[in-house]
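A.B. asks: Handing you this structure, nothing more for now.
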Ligand SMILES: Nc1ncnc2c1ncn2[C@@H]1O[C@H](COP(=O)(O)OP(=O)(O)OP(=O)(O)O)[C@@H](O)[C@H]1O
Ligand SMILES: [Mg+2]
């Protein structure tokens, strides 16, 4: 897997935030690549620049310095509209607070991700339904976010992120608002998305429960990458199974 | 999905939706009433001119309107006009303010219209009781039934006085209102001259009919050459001049149009305000959309769809209320006129108003930083 060609490559990323006296260098020169089929965790203390880095990798913020290549496209000098196009084509997002549309049903929340990509009508609805079933929400299609548990809401958000089959899925603290059981369920989903659907998944987290699902853990401190651990391939599956068992025993 | 989202955003906050719709409704009704009054007034002012079967009107120089014909014309002008090639007939009519004396005391101003039906140039229309023949009887007149109580009478057969002569209501019309609030009283020409104490060869206007193939401009030039102290106006010119006199010299039209513009302005401000606050409330959702990769065009469409839906809903409600008001106004001295053109114009105004209102909301979303999606 490590030999696959990266779908995302960041080099020398620096990001300054704020102005004047409040100016902060949140990211201070980061190199990072993501390859398909891997779940990477980005871990670090609060304020270390995780969200900032994720925003840059997701083409939501532009770096002050450094270069970013997404699916072969160098993002330098792209307009806001072109960056949106790049996100549309290659990236799915999952947020800590789900960011679902409260006035849309679960199905509609997923469909809208296809709608902004110009995919409408029956096919889009059928595809959205399939993905919701995939994340285990086949029985909740018509529920509104207000009538879903946090874990269910986050799974809707996962479905929304993957419905357009992006090659990269970026998640910011996807389990932070969830209890242990739901946190594990979401991490399991992310691992499956990486492994079974061969996508690059990067999740920002400081939740130690998520460690067992990772293929790779990148540590960031004070805007700099300070370490990287690659989990031995063979250990992946049993570890996850262990966690699942433990979870079930817990419940 | 754009429509779905717009619809849900609108109905999500019922209070705000109500404010929006009331705002649109208020301005539609205001604009409908003002413009409807304007149209109604225009129709009242020019009804006699529009109804008259004449291509050209010979008036004394400086005649201001149908009611205010100024100096009087004599038979000399009539004969000169008749001798002009292309002219088929020249019909004198008398139009003059007079005093109506009610049978039980009191008086009111009326406009006497003296005209002979045989000549066909101008006669009361919309007769609901009696015929033009009935008006030829001694002292007989036709009036509009709306004004019976103003006249202090009850209906056909009742008598009163105009200036110092007796008149008897022999026919009733429906819907011939007067903008000046002095009702029209129709009677034969000779009786009008007698009542108003005018010489028997005198007229306020000469109504000119032309041969079917006559060149209107050429005949008009000829007439002008022959008649030095008179003006020769086409029906349209006299129509416009009367409108100008009553609607603009008096300021009434300006007030009506000003009221309509105010309605549009107030409506726009209310809709802009509610649309802006709705966009602000949903700003996180729009930021999420943007982060998900939607183009800014897609988001603008959602906002415009919200504006459009408000416009359609507000228009429908507004027209229902306007319809009720228009209906209720029909029996008043100043009826409001609603035409398909006005209804269409109101719809255009509503859509335009809502589109303008969307600008501030669109400017707001244009400034969205999708990075805010992570900082919640
Ligand atoms: N808009 C901004 N203006 C100025 N400084 C900012 C801004 N946003 C973030 N920062 C600062 O940049 C640094 C990195 O912030 P960032 O949100 O990336 O951290 P994080 O690792 O995601 O933290 P957490 O785990 O608490 O979410 C922090 O010191 C933060 O205070
Ligand atoms: Mg963060």
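Even glycines carry a Cβ here, placed using N, Cα and C.
Any TrEMBL annotation is an automated prediction that lacks curation.
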A.B. asks: Under TrEMBL, the annotation transmembrane segment belongs to which of these stretches: B:226-248, B:341-363?
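C.D. replies: Going through B:226-248, B:341-363 one by one, TrEMBL gives transmembrane segment for B:341-363.
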A.B. asks: Same chain, outside the transmembrane segment (B:341-363) by at least 6, Cβ under 8 Å from its Cβ: which residues?
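C.D. replies: Sequence-distant neighbours of the transmembrane segment (B:341-363): 24, 27-28, 31-32, 35-36, 39, 264, 267-268, 271-272, 275-276, 278-279, 300, 303-304, 306-308, 310-311, 314-315, 318-319, 322.
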A.B. asks: Other than its close neighbours in sequence, what residues sit by the transmembrane segment (B:251-276), given a CB gap under 8 Å and a spacing of at least six beyond its ends?
C.D. replies: 16, 19-20, 22-24, 26-31, 34-35, 37-38, 41, 243, 303, 306-307, 310, 314, 349-350, 353-354, 356-361, 364
